[in-house]
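Taking it in order: structure first as structure tokens, then the write-up.
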Amino acid sequence: MQRANLSTVSEFVFVGLSDAPEIRLLLFVLFLLIYLATMAGNTMLLAAISTDPHLHSPMYFFLSNLSLLDLLCATITVPKMLGALLLEHKEISFSGCLLQHFSLIAVVGTEIFLLTVMAYDRYVAVCHPLRYPSIVSTKLCAQLALGTWAVGLLNSLLHTSLVFTLSFCGPNMIQQYYCDIPPVLALSCSSTRSRELVILVVAGVLGSSACVVTVVSYIYILLEILSRNSPGIWHKAFSTCGSHLTVVCLFYGTTICTYVRPSFTYSLQRDRVVAMLYGMLTPLLNPIIYSLRNKEVKCALRRV
């Protein structure tokens, strides 16, 4: 009876970064520049990979998928945040929040699995260089890419259905600048414990599996390097794997810190910072990391 008397939430209001009026314009300019730089960097990287025949290889095919995911990740959240900062349009409909949540979790999940596939690709390239073209064939690349997107979408569908089938009948102020799992769960007026447990278990299993595959791949790479003991092998291996390893550490660290932990450990200020790391800075840094450490990419970018 008490639940029936409560109104159902039809929209949410973001109160993340726009609660400091004195620096709102400064934040808008800063995040707009970051967004434009992200779009330019990843678009140029996609253009270089698609137009340069020297970059038509499995490694760069996966890298082009990563750039596309980074473009989507930034576009899903940043424009809405810029609108809230400049126009104070902080509202988002229930369906809009659901769509933003589904899209973001799909992109983040797909990127985690794609980075795992890229670790396997580097393992084959270092440990089995002569068999690399036959193992990592065009067909296998397409299958792995489609598999990462499919698993990311299914994972997002599960998380979104668990979150948005809850009852929302009270507060509608999201303590974040986009619709993420922890702040939306905090607004539900029904019990969330069982669903939080399912989300934690699923995220933990998938995240730990991806981490295990990545770590095992790099252990084999390290053992292969130590067994060869040839001059220049360390430099060659680092130039081959260093960029990917840097991106993995940055992305895995921030996403695991956000999703693979119980709700009572959430911190408003810390979660905002972590969200900006993987939602804005990681898509900005990825093309920089890969282009600065790769002569082929730098040459292709100059030609573009």
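Including glycine, each Cβ sits where the backbone N, Cα and C put it.
Annotated features, as they stand in TrEMBL:
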- 41-290: domain 'G-protein coupled receptors family 1 profile' (DOMAIN)
- 25-47: transmembrane segment (TRANSMEM)
- 59-78: transmembrane segment (TRANSMEM)
- 98-120: transmembrane segment (TRANSMEM)
- 140-158: transmembrane segment (TRANSMEM)
- 197-221: transmembrane segment (TRANSMEM)
- 233-253: transmembrane segment (TRANSMEM)
- 273-292: transmembrane segment (TRANSMEM)
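Beyond the ends of the transmembrane segment (140-158), by six or more residues, the same chain brings 58, 61-62, 65, 102-103, 105-114, 116-117, 202, 206 to within a C-beta distance below 8 angstroms of the stretch. Counting only same-chain residues 6+ beyond the ends of the transmembrane segment (25-47), those with a CB under 8 A from a CB of the stretch are 17, 63-64, 67-68, 70-71, 74-75, 78-79, 81-82, 85-86, 280-281, 283-284, 286-288, 290-291, 297, 301, 304. The average per-residue pLDDT of the prediction over the domain 'G-protein coupled receptors family 1 profile' (41-290) is 83, rounded to a whole number.
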